[in-house]
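These come from TrEMBL:
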type     : residues : note
DOMAIN   : B:1-148  : domain 'CYTH'
ACT_SITE : B:TYR28  : active site, proton acceptor
2 protein chains.
Amino acid sequence: MEIERKYLIPHLPDHLEQYPCRIIEQGYLNVSPVIRIRRDNDHYELTYKSGGLMAREEYNLPLTGQAYEHLLSKIDGRLIRKKRYMIPLAGGLTAELDLFEGDLAPLALAEVEFSSEEEALSFIPPSWFGEDVTFSGAYHNSYLSQIK
Amino acid sequence: MEIERKYLIPHLPDHLEQYPCRIIEQGYLNVSPVIRIRRDNDHYELTYKSGGLMAREEYNLPLTGQAYEHLLSKIDGRLIRKKRYMIPLAGGLTAELDLFEGDLAPLALAEVEFSSEEEALSFIPPSWFGEDVTFSGAYHNSYLSQIK
């Protein structure tokens, strides 16, 4: 079970280059349930997510690079490309800050993962976070992959 | 972990109609690892199987009928269609007897699932079972879906 909240980021934090950064590509074979392929630097995986907004069941299953390339030909809509920065927050939490590339730029979203729904609901975001879009389907990557 | 043995069935047992039977369709999005969609009567699922012949890690994840239809357009090779009969064997075991339809007919295969590798290796097949093809990749459904 993954429990997370998601925010729009109107202004990027300073000195992003000090944080660990990964290159992520992802595409969707289906959106409900989510069946997604993802490249994360040089790791490849297939992800299945059941329905729901804040809490969803998720399975991450390994792919070879060859399987990823094969499945890439089957995705619907666009391949999402983004840089992901891991930014430490108070309370031992981490913001995953995604800077989208290509025609989704300059969209920036941050996700924070929690160990319980109570912790998620009591979270006070740092000042650089913008609108809470946790409950908006419009900022699901699956939706972003399909918009024209 | 799934542990099973597989046999060719040269002559069908008598009175098949006395056993429970299901209609199965399955197609492959990828063969290594196996990423498969399956319809089993009116249930639909996505299956992921890691490599290996007798023992493989397997995840079965639910699909809606709509998701199944969507993914059907993405399969490689043919959609396999078969009737599956569940036939009780000695020792509380069950043979899953698959009668293939369409251009794979009249192929018939039986699989038996075991709770341990020891049980699998000590299995004595009933007299109506033919050649043991457990260790032959040629009778994997994923391979059957791709042959011309």
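Glycine too: its Cβ is placed from the backbone N, Cα and C atoms.
Bear in mind that TrEMBL entries carry predicted annotations, made automatically and left uncurated.
Because the structure is a prediction, the values reported are computed rather than measured.
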Around the Cβ of B:TYR28 (active site, proton acceptor), other Cβ atoms found within 10 Å total 24
Per DSSP, the domain 'CYTH' (B:1-148) contains 29 helix, 68 strand, 51 coil
